[in-house]
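Working notes for the structure below.
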Amino acid sequence: MEDLQLVLFVLGAIAIVAVLVHGFWSIRKQQPRTIKEQPRTPYAMSPGRRDAEGFDADGIGEVRVRKLAPDDKKSEPVKASHDDTFSLSDEPKVRRVKERQEPVLESRADAAPNHAAHERRGHDFRHHEEPSPSARQVQLGLLDDLDQEPSQGELYEEINASVADYDDDYDAYENQPASVDRAEAARVPADQGQAAHSAATQAEPQAKAEEPLPDPRDVLVLHVVAREGQVLAGAELLPCLLELNFKYGDMEIFHRHEDNAGNGKVLFSLANMLKPGTFDPDTMEQFNTHGIVLFMTLPCHGEAVMNFSLMLNSACQLADDLDALVLDGQRQLWSDATKAQYLARIRANA
């Protein structure tokens, strides 16, 4: 009996060992090959990534390994040697630089006209023209007269008195002969002819320099004043001036130039009606005044009638935007009779 148990124990042990061996063999068979046993083929070198000629998408071919022949010898390093001999073949190749041609200097007699022409061209592109000494004196004199500005109460008393006399002045204006209207109507074709002539002159390749203006003989003045009990606020005044193409410039006041961008000659100017008559754009938000004054000297650049019309339209536009009144140079209400007087003064100084 004991022999039978021993035999069964041995057979069971052999069966267990056989099962274990078979299990390890099955696991080893199903396990993939290790990395060392697998061929290392890069992703770019796979057959699916290359064309028929062996080039990949970037145009790079397969890497070729060249075996070193047994008789190949390593290249010996070049030994530095000092040689005092010099040959033309040893010269480094120098890139030829094209010689710069120096400008030929002109004589003083020939360069003077060209220098004057350059000064004229540069003068045309200046944003702010320096006024002539005589015109500057007129502007300074006008600003000095601001010291004698009446108080607001006296100003409105003059306005009320002018309203009472307005009807009489208007009747007298209507009774005037029609010669003024005929002369103004006859002047329109002449103005158009002069405008066409000026345009043709600008089209010429070499335009003559403008002649300097003579000394001012007259000054046309317009006032824009606030209504009684009100003031003109700088926060509202500055946008209106910029919209009307006024540019802040010389003498710390605003100017209207020939070009809307602020280029060219000054046509007329705008100053504060109260002392000292200047503006400060940095403090316009806190600025208040009872009125402003627009003035134009005669003779002026361009057409005086057109310049005056532009100044009058600017004054009326400011009065409409700021709810103000337009007065003449004598601080009277603006009327058609006053306009006729101003036109007569323009024709007298033409």
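Heads up, the Cβ atoms here are built off N, Cα and C, so glycines get one too.
Feature annotations, reproduced from Swiss-Prot:
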COMPBIAS  65-109  compositional bias 'Basic and acidic residues'
COMPBIAS  116-131  compositional bias 'Basic and acidic residues'
REGION    36-55  region 'Disordered'
REGION    65-136  region 'Disordered'
REGION    187-213  region 'Disordered'
TOPO_DOM  1-6  topological domain 'Periplasmic'
TOPO_DOM  28-350  topological domain 'Cytoplasmic'
TRANSMEM  7-27  transmembrane segment
_Averaged pLDDT score, the topological domain 'Periplasmic' (1-6)_ = 84
*Residue counts (helix, strand, coil, in that order) that DSSP gives for the topological domain 'Periplasmic' (1-6)*: 5 helix, 0 strand, 1 coil
